[in-house]
Amino acid sequence: MNSIEIASRKIDKGERLNFTEALALYQHNDILKLAELARMVKERKSGQYVYYNVNRHINLTNICVSGCPLCAFGCKAEEQRAYVMQKSEVIEIVSQTMRETPDLSEIHMVSALHPDKPFSYYLDIVAAVKRAAPQVHLKAFTPVEIVHFANISQLGITAVLEQLKAAGLDSLPGGGAEILDDSVRKIICPNKATTAEWIDVITAAHSLGLPTNATMLYGHVETIEQRIQHLITLRDIQDRTGKFQAFIAFPFHPANTGFTNLQRVSSWEDLKMISLARLVLDNFDHIKAFWMMLTLPIAQLALTFGADDLDGTVVEEKIIHAAGATTKKGITKKEIISFVEETGYLAVERDTFYRPLKISSGVKSYG
Ligand code: SF4
């Protein structure tokens, strides 16, 4: 029996894949076989449902001390594009979004590592957002930002998380994982949180009852083996904590970064990564195809490659677009529902904890 047959049998029986089997699946060229396996696992976990939510992104500042070569968003304070939001501006955005979007269920807030803003600035904003929108879930701050807060406040990671939680933080988005291998991080983001720090923040958050997502940024200097090890590291954490809600793989967009010599990976590779993640991460309930990074057509295709979530309406996003993403900065519910229904699945509007809020009427009829 060859390694693909072994992997297929294990997936069929619901058994866990090891590193070698995952690598064999990645190296396998029959992408439709991967799709078939990943789709089977997706349907075991979430049946005919494909999730999305109504959310709003807010990026407080792009001024950053880190200067990561991989980044097109962060900049120095003296650059013309530099900005920092005041609390009043943030609250105005939140209030306006609530007026215009009554179904808003989540605010997603991530930013750069500002050199001077004290930890109290972030705590104040969290508390103010929570006061302005108490019923809206506040998902904010990557582990990289949490490490930055711990450094500038002289508090430990747990104390930072406790204070943010007390102020109103509900969960963490789990970004900044990139590839959890310090030899890669030294090249793409040498000044930001290490692998161990990223894991420390995630496990501390989980132990405080703050769920997170898990992410991966692929398609730069990493090897396929490092991508698979990254997935296995996440799976090991999930075995211990059970508090990852979803996994999101982001293809690297090289425009305006320190890696403009690189090409964005192909859609073939995007779909392989989605399937592989669905098959390796057997203890994750949800695999997200983040349409903004993938483009809508690839995200829609990803729904037949094991993804069960398209993320949200977003409304306005700056970080990915700084790196040359040409997708829209937001999308309507109607558009998302239509994209899902074309695939034959049901579009389910969810809250951040994947509780269904509204289920679409059904499959599009072509007959
Ligand atoms: S990736 Fe994050 S930490 Fe690095 S420069 Fe960009 S905003 Fe700053």
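Note: Cβ is positioned from N, Cα and C throughout, glycine not excepted.
Unlike curated entries, TrEMBL annotations are predicted automatically.
The model shown is predicted, which means the values in this text are computed figures rather than measured ones.
Record features (TrEMBL):
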type	residues	note
DOMAIN	50-285	domain 'Radical SAM core'
BINDING	Cys64, Cys68, Cys71	[4Fe-4S] cluster binding site
BINDING	Glu178	S-adenosyl-L-methionine binding site
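Around the Cβ of Cys64 ([4Fe-4S] cluster binding site), a 10 Å sphere holds 22 further Cβ atoms from the protein chains shown.
Using the Cβ center of Cys64, Cys68, Cys71 for [4Fe-4S] cluster, the list of other same-chain residues with Cβ within 8 Å runs, in sequence order, Ser66, Gly67, Leu70, Phe73, Gly74, Ala112, Leu113, Cys189, Lys192.
Checking the binding-site residues Cys64, Cys68, Glu178 against ligand 1, the ones whose Cβ sits under 6 Å from it are Cys64, Cys68.
For the pair Cys64 ([4Fe-4S] cluster binding site) and Glu178 (S-adenosyl-L-methionine binding site), the Cα-Cα distance reads 17 Å.
The Cβ neighbour count for the residue listed as 'S-adenosyl-L-methionine binding site', using a 10 Å radius over every protein chain in view, is 26. Rounded to a whole number, the C-alpha distance linking Cys71 ([4Fe-4S] cluster binding site) with Glu178 (S-adenosyl-L-methionine binding site) is 11 angstrom. Residue environment of Cys71 ([4Fe-4S] cluster binding site) contains 21 other Cβ atoms, counted within 10 Å of its Cβ in all protein chains.
Spacing of Cys68 ([4Fe-4S] cluster binding site) relative to the residue listed as 'S-adenosyl-L-methionine binding site' is 12 Å (Cα to Cα, whole number).
Every protein chain shown contributes to the tally, and the Cβ of Cys68 ([4Fe-4S] cluster binding site) ends up with 22 other Cβ atoms within 10 Å.
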